[in-house]
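> Got a structure here, written out as structure tokens. Questions coming.
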Amino acid sequence: MAVGAALPPIPEGAPVLIAGPTASGKSALALEIAERFGGVIVNADASQVYDCWRAISARPSPEEEARAPHLLYGHLPYDAPYSAGHWLREVTPLLDGTARPIIVGGTGLYFTALTEGMADIPATPPDVRAEADTLPLDRLLAGIDPATAAGLDRNNRARVQRAWEVERATGRALHLWQADTPPPPLPLARTVPLVLEVDKLWLWDRIARRFDQMLDQGALDEVAAMAARYDPALPAFKAIGVPELMAHLRGEITLDAARERASIATRQYAKRQRSWFRARMGDWHRLPVGG
């Protein structure tokens, strides 16, 4: 990635956090830092935990994984539930290892949980989630404690549904659980936090080219191999590109249409990521990329 000149000082052993939008070059930067300063690369991307997705999730290649240790990549079966809470429980023991953790990904909530703490909320029972999946957004909002609802983005169904599920399953409002948040496993002050500040047009061009690169690396074959087990409700099948290629494999759309839909979905996701990073990562070191 060749951004070494822009890096801040990286003290011996200090954990490094790397956040950035999809297709911005985070994995390349993590590998560069691991090779220059030492460390183990730890995944903080929700789609890259599944063993069935390498090309479609842009998981590091076997050749890249051979250049430095990688953890929490492709270690779960397709039907495993996964959330920020699952990730936090997996990553916390790794902070006490002998190797410097280089934690890299685009899932902003993971970094917030790591550096600010996260309430230990019980897992949502499947029947409660199934009920929530059937309810329209306004019904979900109506069933949430007003104090919790006041702090939510009411247009973000995933956040609204999560708040509804917690209250329905536990009988306790989400904001009360959050008030009991324990200390963070890794306070930001103990880390070297880096966020990639990307030029929008540069990123859009990379996104446009990325889908074809995924196809060249076998993304269509990956999705075809999972077609018989496809369940759009499972987190693994919500990875961008999977629903679009499934629709193509079912004969519903052309490959060109799948490419266009996936590119649009990726741009929309990148826009949400960039907004999150600007709003929530003001104390992180900015690394300009592209442009």
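Each Cβ is built from the backbone N, Cα and C atoms, and glycine gets one as well.
What Swiss-Prot shows for this protein is this:
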type    : residues                                               : note
BINDING : Gly20, Pro21, Thr22, Ala23, Ser24, Gly25, Lys26, Ser27 : ATP binding site
BINDING : Thr22, Ala23, Ser24, Gly25, Lys26, Ser27               : substrate binding site
SITE    : Thr107                                                 : site 'Interaction with substrate tRNA'
SITE    : Arg129                                                 : site 'Interaction with substrate tRNA'
> For Gly20, Pro21, Gly25, listed as binding-site residues, tell me which one has the smallest number of other Cβ atoms within 10 Å.
Gly25
> Sorry to bug you, but what's the C-alpha spacing from Arg129 (site 'Interaction with substrate tRNA') to Thr22 (ATP binding site), rounded to the closest Å?
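Rounded to the nearest whole number, the Cα-Cα distance is 28 Å.
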> Tell me which of the recorded positions Lys26, Arg129 sits in the most Cβ-dense spot, judged by other Cβ atoms within 10 Å.
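Its Cβ has the most other Cβ atoms within 10 Å: Lys26.
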> List the Cα distance (Å, whole number) between Pro21 (ATP binding site) and Arg129 (site 'Interaction with substrate tRNA').
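Pair distance, Cα basis, whole Å: 29 Å.
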> Can you tell me the CA-to-CA distance separating Ser27 (ATP binding site) and Thr107 (site 'Interaction with substrate tRNA'), as a whole number of Å?
13
> Starting from the ATP site formed by Gly20, Pro21, Thr22, Ala23, Ser24, Gly25, Lys26, Ser27, give every other residue of that chain whose CB sits within 8 Å of the mean position of their CB atoms, in sequence order.
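In sequence order, the nearby non-listed residues are Gly106, Leu196, Val198.
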> Counting other Cβ atoms within 10 Å of each Cβ, which of the binding-site residues Thr22, Ser27 scores lowest?
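Thr22, out of the binding-site residues Thr22, Ser27, has the fewest neighbouring Cβ atoms within 10 Å.
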> Can you tell me the CA-to-CA distance separating Gly20 (ATP binding site) and Arg129 (site 'Interaction with substrate tRNA'), as a whole number of Å?
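Arg129 (site 'Interaction with substrate tRNA') has its Cα 30 Å from the Cα of Gly20 (ATP binding site).
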> Quick one: pull the CA-CA distance for Ala23 (ATP binding site) versus Thr107 (site 'Interaction with substrate tRNA'), whole Å only.
13
> Validating a neighbour-count step here. Other CB atoms within 10 A of the CB of Thr107 (site 'Interaction with substrate tRNA'): how many?
19
